[in-house]
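Enquirer: As annotated in TrEMBL:
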- B:C471, B:C474, B:H475, B:M616: heme c binding site (BINDING)
- B:13-224: domain 'Cytochrome b/b6 N-terminal region profile' (DOMAIN)
- B:227-397: domain 'Cytochrome b/b6 C-terminal region profile' (DOMAIN)
- B:458-590: domain 'Cytochrome c' (DOMAIN)
- B:42-69: transmembrane segment (TRANSMEM)
- B:90-111: transmembrane segment (TRANSMEM)
- B:126-148: transmembrane segment (TRANSMEM)
- B:160-183: transmembrane segment (TRANSMEM)
- B:195-215: transmembrane segment (TRANSMEM)
- B:246-263: transmembrane segment (TRANSMEM)
- B:305-324: transmembrane segment (TRANSMEM)
- B:336-357: transmembrane segment (TRANSMEM)
- B:363-386: transmembrane segment (TRANSMEM)
- B:407-426: transmembrane segment (TRANSMEM)
- B:660-678: transmembrane segment (TRANSMEM)
Amino acid sequence: MNPDASTIAAGAPIEVDLSPVAEGQDIKVFWRGKPIYISHRTKKQIDEARAVNVASLPDPQTDEARVKAGHEQWLVVIGICTHLGCIPIAHEGNYDGFFCPCHGSQYDSSGRIRQGPAPANLPVPPYQFVSDTKIQIG
Amino acid sequence: MSGPSDYQPSNPALQWIERRLPILGLMHSSFVVYPTPRNLNYWWTFGAILSFMLGMQILTGVILAMHYTPHADLAFKSVELIVRDVNFGWLLRNMHACGASMFFFAVYVHMLRGLYYGSYKEPREVLWILGVIIYLLMMATGFMGYVLPWGQMSFWGATVITNLFSAIPYVGESIVTLLWGGYSVGNPTLNRFFSLHYLLPFLIAGVVVLHVWALHVAGQNNPDGVEPKTEKDTVPFTPHATIKDMFGVSCFLLLYAWFIFYMPNYLGDADNYIPANPGVTPPHIVPEWYYLPFYAILRSIPNKLAGVIGMFSAIIILCFLPWLDAAKTRSSKYRPLAKQFFWIFVAVCILLGYLGAQPPEGIYVIAGRVLTVCYFAYFLIVLPLLSRIETPRPVPNSISEAILSKGGKAVASVMVAIVAAGALFLGSMQDARASEGSDQPPGNKWSFSGPFGKFDRGALQRGLKVYKEVCASCHGLSFIAFRNLGDPGGPGYSVAQVAAFASDYKVKDGPNDAGDMFERPGRAADYFPSPFPNEQAARAANGGAAPPDLSLITKARSYKRGFPWFIFDFFTQYQEQGPDYVAAVLQGFEEKVPEGVTIPEGSYYNKYFPGHAIKMPKPLSDGQVTYDDGSPTTVAQYAKDVTTFLMWTAEPHMEARKRLGFQVFVFLIIFAGLMYFTKKKVWADSH
Ligand code: FES
């Protein structure tokens, strides 16, 4: 009952052009049927994400570990709440990040869980920059 | 099922069969001469009710499956087509959907009865555990069935519930992928759920056979909890229990029919009339009502794994009940303390159910935690403790003795029920909307409300005109064909009028012999064309918000009624939240934005739209559409007419539903009465 061949084939990597995404905006693309949030973070959001004491987080991870060096303004995360799988809303909640409407989990501008029942940070999908304005997810 | 039978059929052909397969003897000894305790009350008829419901669900389900398409792109539409086009499809669907709720309602009564009268105690432990297994299978079946219509709640319910398994350490993620057959809930998930939803009821039926078998080995428990000792303590199953069960079932059918014919959507969620959209989570995900207590337990534990464990153990704990409660006295009738705690437990379950439907914030979370503790405390602390410290009242020596000393207790409980129902009914009579002045849509007088409601033909025709001249430029009506305009119970056009109406439209057809698509005038069988070729185009042309299709809008929109209104609504049959909301939004545009509200660029202020910022500009203004029948051409009248029309598009067979409902009610009431008097006669010398 595991995914069949065509489902796996349709899950191949995709390329996304980032040039139309202005600072402070984000887009949602679908990969493997999952929504992926790509946010162009503002300076303020980056600073906030880096200012927290990592050890105090429920799922400790530095912001540096969640973005690609040299492309700090881009946050790419799978937009599926790690609690029970709802889609969090971007730019909501108390941490300038994401807010899950289902059971009230809140994520910060690095996609890390800060409050609520979700146990883990929003996962970062495998991706790399193929050029300065284009990434490949998968 | 109780030992070899000495039953001998008189017909030689049957004798021939009986010698080779003693099935008639089995039936005879299990359901005819089988001795049942004389003192059973009506709570014992729920066993028969449940068997009846299982049969009903299988029967309607098999027919529905003949018309249903399990595909992510087609499932939603195929369900709508069942309701609209299949002969009595609306009836089948209502029976199946409401049937699930009724099935669970009956199973909860049945379980609580077992709990109250100690039916799980020695020697009925296996009987009880088989029952818990049936209940678990029912929950799985019900959940998968809810996914099949592939609406928003189906999809997101499936996502949330399957994700429960991701809480299992190490293997969780792989289990979830295995359940989905993909990387998220999608078409493979729907397909396998359909397959399993078809399979599980037959497994349930199999376990029910075991359940009944175990019951017939141990014998039925009874309200006094003493085993039958002599002949005098029992009566033969047929006719005594049979006729009593028939009366119980027919009363239950009255309740069932109330939902089928008058409140089919009362127990459902408006969001499930919106097709599944993997990109948008509805703001408030709730499971079906019968899972709510467990959902509340899940949410009140602030840790994912612990929450999932808590939820499942809330059910599994029932299996251990026979050993948690070691009291010798079975029936709570003779256990003064256990009786009180039982009712507290029932209240805890109902409150948990209420909390499960509330948003997980503030006071609700705290109350949820307290009640979760109470729930488990009942099983883990109260019951074991009571069996040590409680002194039960003396139990009668035999069933006949218990019957002789019976007082007027039953009368008292009937009185309580009548007073409670009366109070609710009185409350519902004064339909004054308590929340005047807030953003609740104001109530309207609709011609189609109530048990005898009918659509106002004039309003339907005027509403169609408004739709065609105003709404149709942005909103589709994709489930309605032109032919529907001539259907009975609709706007009432003749065949010729329908053809003329259809030919005004250009419909894309093809490919022709040359392989090209071409346009031709519409025919009666064509559907209303959509104003945009696809959702993206609709989104792009409207500033990012796609105008929703209007076929189902009056059923897909609602607003929160809240406690206690939703209880009154059951009695008043109020189910016009959707139309009230649609009419209110159409009239809720205001030029002046009230202070403290900011409306983003490109949006408009609407008093009744959730969040107040609506992308649709004010669609109606006075005099915009001309009416030939002299009705006032005001926004209020337009809104009313078009809403009536949209109520018809959402529920084209509503008049047939209510008409048939009345006939069914007359029949059921007479039938139940006959059953009651037959039962009285049969039992005349057994009491
Ligand atoms: S799914 Fe997001 S908080 Fe539960």
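First residue shown is number 1, and so on along the chain.
Any Cβ shown, glycine's included, is placed from N, Cα and C.
Remember, TrEMBL labels are computer predictions, not curated facts.
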Enquirer: B:C471, B:C474, B:M616: which of these binding-site residues has the sparsest Cβ neighbourhood within 10 Å?
Expert: B:C474
Enquirer: Looking at B:126-148, B:160-183, B:195-215, B:660-678, which one has the highest count of Cβ pairs under 8 angstroms to the transmembrane segment (B:42-69)?
Expert: B:195-215
Enquirer: Is the transmembrane segment (B:660-678) packed against any residues at least 6 beyond its ends, judged by a Cβ distance under 8 Å, and which are they?
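Expert: Residues 91, 243, 246-247, 250-251, 253-254, 257, 260-262, 451-452.
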Enquirer: Is B:C471 (heme c binding site) helix, strand or coil when read with DSSP?
Expert: helix
Enquirer: What are the non-local neighbours of B:H475 (heme c binding site), defined as same-chain residues 6+ apart in sequence with CB under 8 A from its CB?
Expert: B:Y467, B:P531, B:P547, B:P548, B:D549, B:L550
Enquirer: In the domain 'Cytochrome c' (B:458-590), how many residues does DSSP assign to helix, to strand and to coil?
Expert: 59 helix, 11 strand, 63 coil
Enquirer: Within 8 Å of the centroid of the Cβ atoms of B:C471, B:C474, B:H475, B:M616, which other residues of that chain place their own Cβ, given that this set defines the recorded heme c site?
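Expert: Near the heme c site, the remaining chain residues are B:V470, B:A472, B:S473, B:P547, B:L550, B:P619.
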Enquirer: Please compute the mean pLDDT of the model over the domain 'Cytochrome c' (B:458-590).
Expert: 90
Enquirer: Record lists B:C471, B:C474, B:H475, B:M616 as binding heme c; longest Cα-Cα distance in Å?
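Expert: Result: 11 Å between the two most distant Cα atoms.
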